[in-house]
Each structure stands twice: as C-alpha cells, then as structure tokens.
Amino acid sequence: MVALAPPGEETLIHSRRTLFWLLTPAVALLLLTTTYPLVYALANSFRYWVLSRPGQERWVGFENYTRAFGDSDFLNSLLVSVNYTALAVVFAVSLGLGIALLLQKASRLHTFVKVLLIFPFAVSPALKGFSFRFMLDSHSGVFDAIADVIVRSVGWVLTLGGLVHYPAFQIGGLEAGRLTLLPALKFPVTADTIWLADGFWALFWMAMSEVWGWAPLFALMFLGALGSIDTDIFNAARIDGATSGRIFWHITLPLLRPVILIVTLLKIISSLRMFDQVVTMTGGGPGRATETINHLIYQVGFGRGLDMGYASAMAYILVVALSLFAFLYVRVLFRRA
Amino acid sequence: MKRFWSLLLVLALSIAGAQTPTAADYNLQEGKPYDGTELNFLICCTAVAQFAALIERTQEFTELTGITVNWSNTPYESYKDEILVEASAGTGSYDLVAWVDAWGPQLEPFLLPIDDRAAADGVDLSDYPEVYLDAARLGTDTLYGLPLRGHAFMLWYRQDLLEEAGLEVPTTWQEVAAAAQTIREQTDMEGVSLYYNVGTGQNLFPWLSMLWGAGGDVFDENNRPIFNNETGLEVTEFYANFIREGLTAPDAVTKGEQEGWQAVAQGRAAMFPGWSWIYESLANPEFSEPEVIDNLGFVAAPGWEGGERTSYGYIWPVGIFSGSRNQDAAWEYLKFLTNDQVNLELVLDKSVPELSTVVATRYSALRSPEVNETTGGLQEAMADSLEQARTEPLVPEWLEVQSVLEVAINEIANGADVKGTLDTAAADVEEIMSRAGYY
Amino acid sequence: MTVTRARTPAMTGRPRPRLRWGNLMDTFASLLVVVFVLLPIFWLTLTAFKGQRDAFSLRLFFEPTLANFRTIFSDTYRAGDMLVDSLVVSSITILITLPVAIVAAYAFSRFRFRGSDLLLVWVLATQFLPPVVVLLPFYNLFRRPFGWLPESWLDVSFFDNLSRFTLLDTYAALIILNLSFTLPYAIWLLKGFVDALPGELEEAAYVDGSTTFGVLRHITFPLILPGIIVSAAFAFISTWNEFIFALVVGGQRVTTVQVGLNLMNSATGVIWGQMSAVGVLIMVPLIALSFLIRRHFVSGITSGAVK
C-alpha cells in the first residue's frame, strides 16, 4: 500500500518497515478509541431515533439529511459558526504572530512575558465564558469601566484639541453616547453599551474570549518554531542590510509557514467545535445570533429535542464538509511549499 | 461538625417527641428488610440548602433501614445530559432520580409508575398542591414521582420603596407596571427587574404567568399554538413594554432569572418576579445588602387586570428508574425524602445556616403557623400562590417549543415586531408538534 | 489600577533602559501584551478572594476572605481530590501521547506515501464530530467489556457478570478518551514543527549511516524540542480543560477539576466567588508547570545553535 517518495529533492533513507513502526502506534490507538463511535454515529444518522421514544427506532434513509438542508436553524447555525470561526481564527493567528514577532528578540522583559503567555490558555473554556460575561456586565463589568475611561480620555483630549465635537460626551456625567467618529464601524464603546444584546458584538466577544486564550499560545508556538531556526539567518540578513519588513516577509514568514498553516487548520476545527462559551456566555442569544453549530447539535440531541438521529445527521454533514475542506487544505497549501 | 448538629437535632426531636423516631413514624417498613442495600441517587446541586439538609437527614434513614444512599453531585447545566445517558444506556447504575418538571415527559419511558406503591402505603396525595402532582404525573394519568423540591412564582418587592412612593403592593401586572413607572420617576432605581435572555426558557416565567392570567394559553385543546391570538399579542406587547419603556434596565435583554434577583439583592431594583426559594438568597446577608433584607416584601405572583390570578408552580419530582435493581428499597427512600414529618422539620430547623431552607412541598408544612413564623409568612403566600397555579404544558416536545418561544420573546424585547415574530414562532411550533404526530 | 500592578515586575525586569523610540515602543507593546494576558486572570483571582456581595462590585479594595477556598476544599466539593484526579489523568495522557505522536509526526512530515494525505486527514476526522453524538457510544464502550454489542445478542445474566469489569469512573477510561483528541492534535502540531525544520541535517546523518530512530533521537528531537514542549503544554491543558466526557464517563469516583468548576453553576445561580476559587485552583498547577519549564519556552531562540 505504501509507495515511498522522498519529499522534494531530499533523499532520506527509509523503508516501509520503518514507516510502519512509526505510524502503527498512533493509528492503532486512534482506531481503538474512535472507530466504534464514528461508525455508531454514522449509522444513527440514517435512523429515526428519539431518546424519549425507545422502541420506535427505524431506518429512514436520508430523511434526516434532507430535513437538515431545509432547517433554517441549521443553516443559521452554520452561518454563525463560519462567522465565529473567521473572527476567532483571523484574530488569534494574527495577534499570535504579532506577539511572537514582538517577543522574538531576546530580552529580560520578553522572557518574563513569554512565561505568562501560557496562562490564558489554562483558563477553561467554560470559565472564559463565565468571566467574560461577568466582565461585560454593564453594572459590575470591568470591561465597560475600562472602555469608559479610555473613551472619556480620548474624547476629552479630542474635544480639548478642538478636533472633533463629541456631542454625547460629558465629563463626570452619567450620559455617554456613541463615538460618532466611527459610526460605520459600529463602535459604541461606552458605559451604556449592552454588548451581549447585539448580535454582532455578542459573537465578537465570544470570539474574543477564545482569542484571548489562543493567541498567546499561538505566539508560543510560533516562538517555538522560530527557536528551531538557525539565528544566523537573521543575523546574516541584517548584516546584508535587509529591513525588518523584508526580513519578516522573506525569511520569517516562509519559515513559519508550515506551523502557521497547521495552527490555522487546528484553530478552524476547534472553533467549529466551540460550545462552552455559548452555554456560559450567551445561551445562543440574542435571538439565535450566537447559536453555533455544535450548540445546536447538542440542543437537538440532548438539550431539548432528544433526536439523536437528526443530531447525528447534522454532525455528519459537518464531518463530510470538514473532511473535504481539510483534505483540500492539505493538498493545496501543504504541497505547494 | 455537621454530624454534631444532626445529632443535636435528633436529640432535640427526641426530647420534643419524648421518644426516638422509629421506621413506622416515617411510614417505612419495619425490621430492616433491605438491610445492606446501597442506593444511588442521581441528582445535582447538593450544596443547595434543602438538598444538603436532606443528605444530613439520610443518616437517620440509614440507621432505621440499613439502606445507604449515595447522592451524586452533577453540575446543573449537564444534569439532564447525565440523566439521559444513564436512562438510555439502561445500566441500572442509578436507582433514584430527580428532575425538573419541564423535562419530565421526555423521561417517561425510563421511570417506574408508583401509583400502586403510593396507594398501598397510604401516601396522602391531597397534601400536595395539584400543580405539583400534575408535573409528577408527567402530563399522564400515572404517577411517576413525588414532589421533592418546589417553588411558587412570587413578586418580590422593597417595602420601603413602595411606601415612600405611596404605592400599594401590586396585585396585577398592570399595577406592577404602574408602580415601576412611579419608582422610575421618583428614584434612580430600576422599577422592576426582568429577564429576557435566551437560555433555559426563563424569560417565559413572567410571560406565561401573564398569559394564563389574561385567559390565554400556549396551546388549545388540540395542541395547536394559540399564543399568537389577540390575547397573546396583547400580553406579549405588554410584557415587552417593560423594557421598551424603561421600566426595567435596558440590559434585562441579556439577563436571566438568576441575575434578575441579584438586581434586588444589590439594591438596584424595587421589584422582581421570581421563584419562592429566592428568599434564601434575598434574606441572606451573604448575598443581599442590609437595607434589602430589612425591607424585603413578597406576595403571590400578580394577576391580570380584569382576568384571573393564575400563578405558576415549579417542581422537581423524585422518582425511581425502571431499570433499577433495588426498586423496593428505592421506594422506601422516596417515602422518607417526601415524608411530611421530614418536610416539616427541614424548614423548621434553622440551626445551621448552610442547611436552612424555606422549601417545603406539602400543604401541611406550607400552612404550618410555626413554619410561617420563621419567614414572615412566605410559605403561606406560597401555598396561596400554588392553589391557583399551573405548570408549563406537559408534553415531551415542550423543551423544543420553549426554545422557539424564548427566542421570540428575546427578539421582541430587543425590538422585533410583536405580531410578525409571534406568527413565525407559531408556525415553527406547529411544525414541531406536527412532526411529533399530534396532528 | 490593573495596569500599575502588572507593570511593576515587568519594569524591574528591563535591562538598562536606553531612551530610544524603538525600545520604548517595544517596552510599551510588551506591557500591553502583559495587560492583555493578565487582566481577566487578575480579575478572576481578585474575585476568588471576594465574598458573594463584593463579587458584584468593581471595588479593588475589599476585605479579602478565604471562605471560598475553605468551601471548595470542604467535604461537599473535595477540590483537593479533584486536583489529584486531574493531575493523574492529564499526566498519563501526555506520557502516552508524546512518544506516539512524535514518531507519527516525523513519519507524516518526512515520508510521502500513497494515501498519506488521506491518513493525515483521517487522524483528525474524529475532531470534526460534535461530542454529543459520541457520548452514548463512548459510554457504551466503557460500561462493560463488549459494551458496544447490542444487549439482545447475549443473554442478560452474562452481561450482568461483565458489568463488574466496567471502566466507567476509572482513570483508564478518561485517559483513553483523552488520547482520542490529544493524539490528533499533537501529531498535527508536531508535524508542523518538523516541517519547519530544514531537512539537510537529517540528510547528512542518513548519509553517515544513521537509522531513522537514531536521526529522530539525536537530531530532530533536540531541534524541535521547543515545539515539543509547546505541543505537550497544549495537549496537557486540553486534557485538563476537557469537561463533558469527564462528566459522563467519570463523575463520581473520578472527578476532574472541570466537573468541579461546573458544580459552581448551581440551580440557584452561579456562585461567583467559589467558581473563581476553583478557576484559580485549576490554574495554579499549570502556572507552576510553566515556570518549571520556562527555560524551554524561552531558551528556544538559542536552541537553534544545536548542531
């Protein structure tokens, strides 16, 4: 089954036997733990199986699948999940990259910061949701207090400088309006903003709770990958007079490429699985604006519907879509390198 | 420490009754026929005062019967998942289970009918509010459990604030709105703390109470949705106006019931509609500001002007898994848990703060003058409320319907059109019910 | 207020400040990262020492209390036992994951064979499935030997006997479950780190007659050590943070800290102080660990010199 082909121009010495021993433990362990659940869920996706009606199970062919494509809740949750994933992945990867580049140069301050980077990831997803909800609260939330201070000071400086007229701004007053400079960006950073009442902001903050945990971890991963790179390359480039921008584009980024690609894919998958923050932060609301696919499937299967057949079918639509996506991702992006 | 208190309690009781209680006193079988049996009880939230107190009392049960009981402690959010996994897998690892009323109909296939046992042992069902028994019957004619924990829907208010504003205690929702308006005008406080968020259907508590009071309902007798009829529209419009007109805080649209009562506890709101157990928090210096505790008022949930005062009951029945291998022993424990004497003593014992509860399920305890003395008449008000209370429609599809409704209410509170949203919701509900084979 | 607090240690860690724009910007940006990383944790820690009433206030100065910690270590919750359970489960999971994942990642990175892409995607495929649809099968898998066989296939008394060998509520079950997601993630991450490594060094070793395992051990492994450390941390924390399987498959005798955390969201509402206290407790071992291995996080830059 295995035809060996060396990667690129490399001529590594290897044999089928070596390959077999390298891969067998992992494949065996995964087969052992996942075959039955995967097959079980696949079988159920073709069955009528409502937990509260034992004894009525039967095969129904593709009925569950056709139902999914006509289900507005399902389609809505797909959209929510895609939006959420886009927000979370873009912010987490770019912020992680930014932090990594910042801390790349060795200094004592950087060393200190690097040790802190793992901390946010250590906060469990459920707790992230709880604490972000708490911090976003308009009475006891620390975010609004901070945002308020920032907006007030910025507004104050701008007003003093005569640059803008900031009408709703009052020093010491209770009233504070929207920052009218950026109306198109919907940027209501004031004490009376109810973040979780707005579909976009609720999703945004949910993504941020995730980004807060992951971006520093990604920074660590990028730093780890940079750590494997011979620092001579950077020194040589600098001696040759390359600017930091050029070094980034032509040396750092290409070197980090494999790690970035993988981290992005893993983040996409984990974002699509996101569940805890929906429960602890928004409950899926306002309306169904933050009802992610994983939360919907949970609700259909266990939470309210007990329809395991239908839940399995929705899950398998996700599996097929993601498998295709991951396969193409691997084919197109990995092999181009 | 806890053992010491329970010993003290047993001692105090034995002095009061001049004798140590026997198995017969709790309507249990004598002679320890199930000696050595180990029961597993699937439940959540064992830190809740009432449950913690019941766990303490269980030592006495073990002494009388030789049966030991393990209370599981499951996180509340995942409690239903755990029940479903255990029930569907049918492993018999749990004997007893407690559930929230709305989940009941979905669990029917996994529960043991107990009518015969209740009749044989002379369990006095008339001591329970009818609404509790409805829920324990899961919407059928068969009894599947007995009330373990139950609450009445109440209106909580600040006596001082109402007095200062020259207001009477509201008896209708219209009066609540008017009082909230007055308080809003005279103080910088929130008139009434409401909760419209999406979560576990909590935003439907006040809505259902209003809807029933106004003579409306979710379903007609054929299980077709009628909540979007004229009454439904009027009620929903009225409910949404609380937030639209600033009678409640604008962030109520993101709040749940738990956060709703905290607004009162922190002294930010004058009124709050919520369950009767909240007394344990609102009258507790750990949670509430002193001025709140001193001026805490409560009354059975308001009615509808020109309509009825239909209230709302919330109940956790306890039953036996049909897959249990120790059904007889489990029944013994079920009797003990719901015993009238235990029920009464639990609410009377205020010796340990963490175990002090106001939750009683039987009229004999709710109407007891002694009990009411400890809370300023809370249980009497609960009993009044429960006598005319209803519960949500007891159909297995309720949780799905509830989800559609709570999203609709949330959207309406967030500014969506009342009629359009309710009509869409009604169509969705009709689809759910029709798929389930109701019509 | 928070800013000031976070700044203090950082400032002392700064060597010989030279007043140059670049340095200043660098310092400022680094401090911004510190604030970004620490603010929610700082707030959480503060709340852990607050009473229930104070938890809802923005007060930075309050009467600190240890009551929350006392409660979570009491008999009702036994947070200490939970911590032990979590440590055992996570540690063993990692000890199994790492060697298996390293060799597999090396194979995926350095070998190409027919179907390698497909196999790589398959490794990840289980992660595409929402946990809720595999909860019941996993439960069946562990409840007794042959738990996946339908009950009707064998007579009931036989099953009753088998039930004595249940894996439910054991470390083994949780470790096996955790492997199902730590392995795919670790394989993929490590593959990325090997990919990022230029192949010349290994090539030279092969020419010198080294075996694959020899190269892996003496060349690749030391070079990707920073990556391995981060992947290990990632896998460890993912296990540490796993909740729903830990609840359904464990939950009574084996109770992880995540189950403990969720206990604080009770039927009567979130108990903020206690929840934060568990949250802090959950972080402490991880923070201790990250300080222990910080040399490997931060010395990554120089490890490139290993030649």
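Glycine too: its Cβ is placed from the backbone N, Cα and C atoms.
According to TrEMBL, the transmembrane segment annotation covers A:20-43 (among others).
What TrEMBL records for A:78-329 is domain 'ABC transmembrane type-1'.
Among the features that TrEMBL reports, transmembrane segment is placed at A:84-103 (among others).
A Cβ distance under 8 Å defines the sequence-distant neighbours of the transmembrane segment (A:115-136), meaning residues of its chain 6+ beyond its ends; these are 99, 142-144, 195-196, 205-206, 208-210, 212-214, 216-217, 219-220, 274-282. The transmembrane segment feature in TrEMBL is assigned to A:115-136 (among others).
If you look up TrEMBL, you'll see A:214-235 (among others) marked as transmembrane segment. Counting same-chain residues at least six beyond the ends of the transmembrane segment (A:214-235), those with a Cβ under 8 angstroms from any Cβ of the stretch are 88, 91-93, 95-100, 103-104, 114, 116-121, 247, 251-252, 255-256, 258-260, 263, 267.
Annotation source TrEMBL lists transmembrane segment at A:247-269 (among others).
Residues or ranges marked as transmembrane segment in TrEMBL: A:313-334 (among others).
For the transmembrane segment (A:84-103), same-chain residues at least 6 beyond its ends with a Cβ under 8 Å from one of its own Cβ atoms are 110, 113-114, 117, 203-204, 206-208, 210-211, 214-223, 226, 248, 252, 256, 260, 263-264, 267-268, 271-272, 274, 290, 292. Long-range Cβ contacts of the transmembrane segment (A:247-269) within its own chain (Cβ-Cβ under 8 Å, at least 6 residues beyond either end) map to 85, 88-89, 92-93, 96-97, 101, 104, 214, 218, 221-222, 224-226, 229, 233-234, 237-238, 322, 325-326, 329, 333-334, 337.
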